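What follows is a set of notes on a single structure, which appears directly below.
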Amino acid sequence: MIFATLEHILTHISFSIISIVIMIHLMNFLVYEIEGLHNSSEKGMIATFFSITGFLVIRWISSGHFPLSNLYESLIFLSWSLSIIHMIPYLGNHKNDFSAITAPSAIFTQGFATSGLSTEMHQPAILVPALQSQWLMMHVSMMLLSYAALLCGSVITFPKKIDFEKQEFFQFKEVVFLGDMEYLNEKGSRLDYWSYRVISLGFTFFTIGILSGAVWANEAWVSYWNWDPKETWAFLTWTIFAISLHTRTNPKLQDQGTNSAFVASIGFLLIWICYFGINLLGIGFHSYGSFQ
């Protein structure tokens with residue numbers, strides 16, 4: 001009872017803090033950026049991170065296993081992962097270009113987990129035999145961390161430089177001043193810098209998650225790969241982001257930033273299919289975290 005009460009308090013604290021952070025971002029965006037409010041929003045995301053961390057630790061202690069056994073717990077962990085990505089530029093004293101993505105994404109995932117799922121799914125449950133493995137924490141945590149990184153990286157993909165002299169921009173060029181064009185190119189270069197690195201990090205996590213999942217599958221089902229729906233979509237997603245990174249780094253290709261951004265946007269859709277789509281259908285070997 002005490003653990004359940006603490007979990008309830010921490011989830012509501014983190015949700016409330018993220019809501020305030022989003023309001024601050026809206027104020028800065030619609031009016032003008034206030035340095036004090038900006039710093040408060042960053043500190044708010046740090047407080048959110050510690051609140052969700054407290055929830056995960058308490059759930060781990062109360063359930064006796066790492067809290068990644070159902071959709072509710074995975075959504076909370078995904079929100080925790082998004083808060084980590086949000087803090088990376090802040091802790092490195094860089095300008096945070098993720099804030100417009102990470103904060104709304106965190107509140108969406110946590111809000112859906114808290115209000116969109118049945119109360120039965122909020123309760124910790126005994127792990128089914130297939131999930132009673134040391135690979136649970138390794139595989140699922142890597143996959144969710146990769147989801148968070150790849151989603152953020154694919155959303156902020158931006159061409160390294162916009163060529164305003166091209167004919168297709170003739171209408172836009174008439175209403176944009178030179179200073180604005182320089183700002184957009186600087187902004188685009190910065191976004192491209194972070195997008196490439198976050199996608200690279202997410203791709204690394206994704207690869208580790210797939211490899212650890214294959215080892216776990218061999219222990220549970222005596223086969224490294226079964227072409228399960230989740231496995232198939234994961235392989236497609238991995239391939240798309242591999243193409244995106246190759247396109248971004250291949251000097252022989254023209255319009256590297258634009259092509260990479262286009263491929264990454266496809267990967268963005270595939271991640272949601274791989275994560276939510278399969279859970280929604282509740283099919284295959286990976287149906288433990290479904291809505292059912």
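Each residue, glycine too, has its Cβ placed from N, Cα and C.
Note that TrEMBL annotation is computational and uncurated.
Listed features, source TrEMBL:
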- 68-286: domain 'Cytochrome c assembly protein' (DOMAIN)
- 12-32: transmembrane segment (TRANSMEM)
- 44-62: transmembrane segment (TRANSMEM)
- 74-91: transmembrane segment (TRANSMEM)
- 137-158: transmembrane segment (TRANSMEM)
- 194-217: transmembrane segment (TRANSMEM)
- 232-249: transmembrane segment (TRANSMEM)
- 261-285: transmembrane segment (TRANSMEM)
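For the transmembrane segment (261-285), the partner stretch with the highest count of Cβ pairs under 8 angstroms, out of 44-62, 74-91, 194-217, 232-249, is 232-249. When pLDDT is averaged over the domain 'Cytochrome c assembly protein' (68-286), the result is 77.
Counting residues 6+ beyond its ends, the transmembrane segment (194-217) has Cβ neighbours under 8 Å at 85, 89, 97-98, 133, 135-136, 138-140, 142-143, 145-150, 152-154, 156-158, 223-226, 231, 234-235, 237-238, 241-242, 244-245, 248, 260-261, 264, 285 in the same chain. Remote same-chain partners of the transmembrane segment (137-158), defined as residues 6 or more beyond its termini with a Cβ less than 8 Å from a stretch Cβ, comprise 66, 68, 74, 77-78, 81-82, 84-85, 97-98, 101-102, 105, 187-188, 191-192, 194-199, 201-206, 208-209, 212-213, 216, 234, 237, 241, 244, 257, 260-261, 264-265, 267-268, 271, 275.
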